[in-house]
Amino acid sequence: MPLSYLDKNPVIDSKKHALRKKLFLSCAYFGLSLACLSSNAWASVEPLSVNGNKIYAGEKAKSFAGNSLFWSNNGWGGEKFYTADTVASLKKDWKSSIVRAAMGVQESGGYLQDPAGNKAKVERVVDAAIANDMYAIIGWHSHSAENNRSEAIRFFQEMARKYGNKPNVIYEIYNEPLQVSWSNTIKPYAEAVISAIRAIDPDNLIIVGTPSWSQNVDEASRDPINAKNIAYTLHFYAGTHGESLRNKARQALNNGIALFVTEWGTVNADGNGGVNQTETDAWVTFMRDNNISNANWALNDKNEGASTYYPDSKNLTESGKKVKSIIQSWPYKAGSAASATTDPSTDTTTDTTVDEPTTTDTPATADCANANVYPNWVSKDWAGGQPTHNEAGQSIVYKGNLYTANWYTASVPGSDSSWTQVGSCN
C-alpha cells in the first residue's frame, strides 16, 4: 500500500528435486474408499518455478488467487486475522490458494520494534497455509527496505532455514519501493537478500518489489536480476490504475520477466472509495489471460473500501463480495480446494507420497450411467462459460473407466495423481 495510506522464459527452470504430491490418508494405505479419499486426501502444493515470463506450478504455467492480510503491526487492527482459523476459512470458504502475511517493518509496532511478536504472527499464518495446502507469501512490508538490508537478510535467512524445504513458501523481500532507482537502489538490495536466501534455499520463488509503489515493472524488466526463480511485483488499485499501468505490465512481460501481483484492490490506491467494477474486471481478465498470480488487499475490517469486512463484523463489504467471487472462480487451485484444517498437530493421518495416479489394486465395476464422458467436463471457470475442469469429488468416464478428481484438475483422467480410478464401466 502507498505511504499515503498510512496517514489516515526458454527452458523450464523446475525444482532440482522431482515433483512430488503428498496425500495424507486417514484410511489404510492404498485400500482406500472414495469417501475416504474425498474427505481426507491431501495434495501438497506444486513447487513454483520461473520459465521466461511465466510462473510454473509443476510442469504447467498456472496462476493462483488469494488474499493479503493487513499490516501485522501491533495495534493497527489487522493483527487479529493472523490466525490458523483465518487461513483455514480462506481455504474452505473462499477456495483461496494464496495467503500473504504482510509483516510491517519500520513503522510503529512493526518488526524492528517487536521482532519476536511479528515473526510469530507470520509463522502462524505460514504454518496454517502449509497445513491447508496453500501458498504462503512471507512479505517484508516496507517502503524503504534498502535502509534495513542487514535486518532483512537475517530475517529471510531464518525463514529459509525453517521453511526452505516447503514448496508452499514464497519470499517477498520488498513490498513497495518509493520513487527510487531500480538499478542503483532496489536491485543491489534485492541481490544481497536473494544471495542470502539462496545459500539456504536454492529454489523457492522470490518476489522483488519495483519502483514507484511496485508499478514500474517495465523499468525492472530492462535490467533484470541474474538469478533463478525470481518474479517481480506489480501492484494496482482499480479505482486509480487502468490501461496505462497494464501497458507497463505488458512491456515487462514482453521483455521476458515474470510478474506476481502480491497486492491489488478494487478501490482507490488510498484504500477508499467504492468498487470500480469495470476496471476490476479488466484487471482480472488481464491477470487470468497472462497467468499472473495475485493476492487481494486486504483481509481486514478497517472502515474503508478496500477492507474485506465491515468494522467489527464478518459481513462482507462490496469489495469483499466481489473479491470472494473472483477467488472462488479462479481456474487454478492449490492443493485440495475442498478441505481445511486449523491445527495440523491434531491430524492422525498417514503421510504417503504418491507420484502417479491413485488406483485400487483391482478396480471394481462402477456405475457410469450418469457420469460425463471425457472431455465433457463437469465444472466451469465462469458461470457463463463452458465446462473446463472437474473439482474434488466429481467423476468422469475415460476409456471405459470411471475416475474421480482428487482436487481441481483439467488433466487427462488417470494421467496423474489428481485422479483416482474408481472402477471399470464394463
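Please read every residue number as a count from 1 along the shown chain.
Glycine is treated like the rest: Cβ placed from N, Cα and C.
Pulled from Swiss-Prot:
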{"type": "SIGNAL", "residues": "1-43", "note": "signal peptide"}
{"type": "REGION", "residues": "44-332", "note": "region 'Catalytic'"}
{"type": "ACT_SITE", "residues": "E176", "note": "active site, proton donor"}
{"type": "ACT_SITE", "residues": "E263", "note": "active site, nucleophile"}
{"type": "REGION", "residues": "333-366", "note": "region 'Linker'"}
{"type": "REGION", "residues": "336-367", "note": "region 'Disordered'"}
{"type": "REGION", "residues": "367-426", "note": "region 'Cellulose-binding'"}
{"type": "DISULFID", "residues": "C368-C425", "note": "disulfide bond"}
Average model confidence [pLDDT] within the region 'Cellulose-binding' (367-426):
81
Helix, strand, coil: count each for the residues of the region 'Cellulose-binding' (367-426), based on DSSP.
0 helix, 24 strand, 36 coil
Can you give me the Cα-Cα distance between the residue listed as 'active site, nucleophile' and the residue listed as 'active site, proton donor' in Å, rounded to a whole number?
10
Chain-internal residues, separated by at least six, CB under 8 A from C368 (disulfide bond):
V397, L402, C425
Counting other Cβ atoms within 10 Å of each Cβ, which of the active-site residues E176, E263 scores lowest?
E176
